[in-house]
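Notes for the one structure printed next.
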Amino acid sequence: MLLQDSTTVSFLPTIGTGSTPAPTAPRPATPRRDEREVRRAATTTHLHAAETAPDEAARDAALREVVVANMGVARALAARQRNRGIPLEDLEQVAYLALVRAASHFDPGQGKDFLTYAVPCIRGELRRHFRDLGWMVRPPRDVQENQSAVIRARDRLAGDHGDRVPDEAIARELDIPVTVVRQALRAEGCFRPVSLDAPLPLGQAGPAEQAIDPEREQEVVEMRTTLQPALRQLDARERHILVMRFFQDRTQQEIADELGVTQTQVSRLLSGILKQLREAVGSAA
């Protein structure tokens, strides 16, 4: 689902002050604080509307407004993960879907602020996206988690040490053993986005090419050229489904569990994706 954030909240919150013994000087307003207060008030209003909605359609409409009001938060969380090998647009879609899921499952009766619940959900989904799609060869979990901090520290220290930052300097910066730094850096080559249409570097053969007879090389090139435009038409969720089904060899039920839908829905999604690819390839032929 591609969500557009052009919708704006068209109302301002009414904040009751109650009776006080003496007026106090108002806190100076800032655009950022005003924006937060408007977002919080809008979220509270729409969550209440969803909770008291007379039917499913009204509930869905109210929850959509909750999502729209908080899309900026999801977008900001996605932006913190940019430049790690996965396109920002894909990360934003993951964050938006996590926000939709959080809005659907949030229980206002627990007395928590919505973002207290939603932000960890979005962060967790982004981390899961990197784990599922980002690792060509998957190192241990602690190495994956350390690598991000090590690379950020190396980038910060590059101005002082030039292109080659000593491992010892990174270790001092993070207060971790040098062996941990080296282990994380050795795993750097294991990370890449799973791209269904990215060409291999010139002269580098992947597993499929290694098994193909030289006479079929031109056929492979033509097939890749034909598929690339079709694959680019898929959104992040559709690509994720393809990767899980045909690259990770997951069953439809496992995919359904990952996405929070039914196996029947996954079957329909796969059929639609494959039909879309067939039509795109057929029109290009």
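Just so it is clear, glycine is given a Cβ too, placed from its N, Cα and C backbone atoms.
Where the annotation comes from TrEMBL, it is an automatic prediction and has not been curated.
Now, the feature entries from TrEMBL:
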| type | residues | note |
| --- | --- | --- |
| COMPBIAS | 1-19 | compositional bias 'Polar residues' |
| COMPBIAS | 31-40 | compositional bias 'Basic and acidic residues' |
| COMPBIAS | 41-52 | compositional bias 'Low complexity' |
| DOMAIN | 69-135 | domain 'RNA polymerase sigma-70 region 2' |
| DOMAIN | 230-279 | domain 'RNA polymerase sigma-70 region 4' |
| REGION | 1-56 | region 'Disordered' |
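DSSP states for the compositional bias 'Low complexity' (41-52), grouped as helix (H, G, I), strand (E, B) and coil, give 11 helix, 0 strand, 1 coil. Mapped onto DSSP classes, the domain 'RNA polymerase sigma-70 region 4' (230-279) shows 40 helix, 0 strand, 10 coil.
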